[in-house]
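Features as listed in TrEMBL:
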TRANSMEM  35-59  transmembrane segment
DOMAIN    53-299  domain 'G-protein coupled receptors family 1 profile'
TRANSMEM  110-132  transmembrane segment
TRANSMEM  153-180  transmembrane segment
TRANSMEM  207-236  transmembrane segment
TRANSMEM  248-271  transmembrane segment
TRANSMEM  283-301  transmembrane segment
Amino acid sequence: MSSQGSVTHFYCTGSWEIEITSVFILLGLSQNKNVEVLCFILFLFCYIIIWMGNLLIMISITCSPLINQPMYFFLNCLSLSDLSYTSTVTPKLMIDLLAERKTISYSSCMTQLFILHFLRGIEIFILTGMAYDRYVTICRPLNYTVIMSRQRCNTIITACCTGAFIHSASQFLLTIFLPFCGPNEIDHYFCDVYPLLKLACTDTYRIGLLVIVNSGLIALLTFVILMVSYFLILYTIRAYPAESFTKALSTCSSHVTVVVLFFVPVLFIYIRPATTFPEDKVFALFYTIIAPMFNPLIYTLRNMEMKNAMKK
């Protein structure tokens, strides 16, 4: 039987009857109740900031002429993605911090996995689109309005959603057909591929390699492309007047901060073989809660146009 009285169902293969887990137990961040209460208060505070900050950005951009500028059009989409992404994880996490038994059904687990990878993929590709916009702004300013037309921006967002769907669907298909007939305790606070591979009643070595190709290499290649684009930008602006150089450097440094805050934890988790470490849960907090909380601050505190739009 699966642990802690989880609900199970059975199917037969030949003369064998195999027990299939239909409820998972989430071990969460800690087994200490005092730590869980402290985390609940902290994450509630973070979640309120995430909602307030990203909603303020979305309203300020949508209700001002900034929505016609590609950079702010992408920032608006990034805020929506951040808000949706963290809302897929944080409410469940906070409920589990106060619950005696942290359970999630098989169907809910698979749904959460698909949505998380879909929204995370959108965010990764939007950050790439924003880097491309900054590159065109600084390196090809005379052709900027032609290259970054509204039609081109809409095409980039469509491509981001399509690429994210393909990525998420492939992760989902790699996981949905795995048999879970043994332990049902997920050593995490949400459903992800590597913790689930650890529970599968089959050899998952090849599937683990496919996950590395799907998640790890995509994240690594995107990160390298982003860093190269910012290097080219910095190389181009080195000869700018001091005032223009400072302004361009400030904008790029904000984007680089967001990229590093998001990609470094993702690379730590997905670029290695299919193994799990206790530190994974802490690193996952960076791209599920901390990055969505800091993005509004990073993009607004050092941006005069956003400050003016927010005041209006």
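Just so it is clear, glycine is given a Cβ too, placed from its N, Cα and C backbone atoms.
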Distant-in-sequence neighbours of the transmembrane segment (248-271), which means Cβ under 8 A and at least six residues beyond its ends: 120, 123-124, 127, 130-131, 134, 138, 194, 211-212, 215-217, 219-220, 222-223, 226-227, 230, 233-234, 237, 240, 279-280, 283-284, 286-287, 290-291, 294-295, 298-299, 302-303
Contacting positions for the transmembrane segment (153-180) when only residues 6+ beyond its ends and CB under 8 Å are counted: 18, 20-21, 24, 70, 73-74, 77, 106, 110, 113-115, 117-122, 124-126, 128-129, 132, 193, 196-197, 199-202, 204, 207, 210-211, 214-215, 218
